[in-house]
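The transmembrane segment annotation in TrEMBL covers 36-58, 78-101, 107-126, 138-157, 187-212, 224-243, 255-276, 288-306, 326-345.
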Amino acid sequence: MQSAKGMTQPALGLLGVVVTIGLSLAISTAFAPDTFGTWVAFIVMCTTPAQIIIGLVWHNSYPGILARLGQPARGLAILAMLAATSCVVAPAVLFLVGGGFGPPTPFVNIYVILTIVATFWLVAVFQCWPAAAVSAHPAVVGVGTLVLAYVVAWGVFRAGFDFGGMAGAPFYDAALDPQGAFPAWQILSYVITTVAVIMALVLLDFWLLSRLVDAFPAWGRQPLFGLLVGTTVVLIAGLLWYVGVRVAAMDMVDYMVRVPVSLLFGDFILLTLFQAGPSRRLPQPAKGAALIAGSAALAVLTHGLYRFTALAAFGALPAGAPAYGLELWIATAMLSITFPIIVAYGEGFACWPFAGTANGPAAPQAATQGTR
């Protein structure tokens with residue numbers, strides 16, 4: 001695919017990998033690990049739910065002025081919108097979840113991660129229901145879904161997360177611990193696995209589930225389709241988590257970083273920077289299988305790259321329990337920093353200036369469109 005007077009794939013994608021990962025690693029190594037894992041990660045992650053809405057729901061063209069802007073003006077305008085969002089969200093989360101305006105604690109950062117997970121679920125699984133059922137206006141759909149994501153994340157955080165196993169850590173405050181049903185690392189590793197499964201289904205264009213909808217059209221409407229997909233996601237994610245943590249006996253944080261986090265990273269590279277590559281011409285399920293295999297290969301390669309960078313930049317970061325310094329640095333650099341940069345470059349800026357005058361990679365439409 002060629003952009004007018006621009007580069008072709010796969011050269012455009014390869015250059016995008018160099019630009020985005022290079023910029024991400026430069027940012028990630030510019031800060032001390034403690035600052036990077038708290039303030040830097042927190043501030044950037046506060047923009048991510050809005051970035052998902054702007055990219056996947058509004059397709060970088062709402063408000064209407066965005067559609068009329070050329071590059072790089074459109075990309076800069078989107079960055080300004082994200083910065084404004086973070087200015088509102090960050091202090092609110094610090095106050096409501098962190099109990100004040102000090103450095104972000106694991107309470108705060110894990111809640112923010114959950115807002116990203118909830119946004120993926122609402123957009124990709126429920127296709128912005130129930131906001132989309134109220135009105136088709138982009139503002140109602142986008143803002144309504146965004147607000148609901150924060151509410152859903154709050155409910156999951158309060159009901160599901162127990163930080164009691166970290167009671168000896170300096171940050172721990174029993175008054176801020178939701179004391180939910182599951183140990184925090186256990187449920188966090190599981191919910192991130194659900195996002196990896198969702199993305200795999202997106203790569204497959206919800207194949208098989210779409211066949212079921214062909215036979216039973218009523219299941220193609222929301223919220224039934226969301227319940228169908230959601231049940232599938234929960235079961236597959238549970239199986240993957242069980243195999244990784246129980247059968248393979250991986251430490252659950254190491255599993256989280258090596259498997260779902262790294263797989264998601266590979267997904268975003270293929271979808272956003274390479275526009276699904278040559279596999280986009282294949283029928284399903286071959287297309288999805290090829291993309292999942294490619295994502296797995298990229299997961300191994302990029303995890304190794306980020307691990308090498310962390311050790312080269314900071315020496316022997318503590319690996320394993322209880323600190324998980326190395327594992328969390330890799331996860332933060334991959335998803336908290338590089339993912340927003342990939343989306344900003346590949347979609348917000350449409351690979352400007354290398355993609356020429358065309359719009360460059362589009363958002364993966366399968367995430368927001370129903371089967372019918």
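Cβ atoms here come from the backbone N, Cα and C positions, even for glycine.
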Next item on the list: Could you pull out which residues elsewhere in the chain have a CB under 8 Å from any CB of the transmembrane segment (138-157), counting only those six or more residues past its ends?
Entry: 49-50, 53-54, 57-58, 62, 97, 110-111, 114-115, 117-119, 121-123, 128, 130-132, 178, 180, 191
Check: Based on Cβ pairs under 8 Å, which of the stretches 107-126, 187-212, 224-243, 288-306 lies most in contact with the transmembrane segment (78-101)?
Finding: 107-126
Checklist line | Positions on the same chain near the transmembrane segment (36-58), where near means CB under 8 A and six or more residues out | finding: 27-28, 66, 78, 81-83, 85-86, 89-90, 93, 103-105, 108-109, 112-113, 115-116, 118-120, 123-124, 128, 138, 141-143, 145-146, 149-150, 328-329, 332-333, 336-337, 339-340, 343-344, 347-348, 363-364, 367-368
Check: Same-chain Cβ contacts of the transmembrane segment (187-212) under 8 Å, 6 or more residues past its ends?
Finding: 110, 113-114, 117, 120-121, 124-125, 156, 160-161, 180-181, 219, 225, 228-229, 232-234, 236-238, 240-241, 245, 252-253, 255-256, 259-261, 263-264, 267, 271, 284-285, 287-289, 291-292, 295, 364, 366-367, 371
Margin query: At a C-beta cut-off of under 8 Å, are there same-chain residues at least 6 beyond the transmembrane segment (326-345) that contact it? List them, or none.
Written below: 16, 19-21, 23-25, 27-28, 33, 36-37, 40-41, 44-45, 47-48, 51, 55, 75, 78-79, 253-254, 256-257, 261-262, 264-265, 268-269, 272-273, 302-303, 306-307, 309-311, 314, 317-320, 351
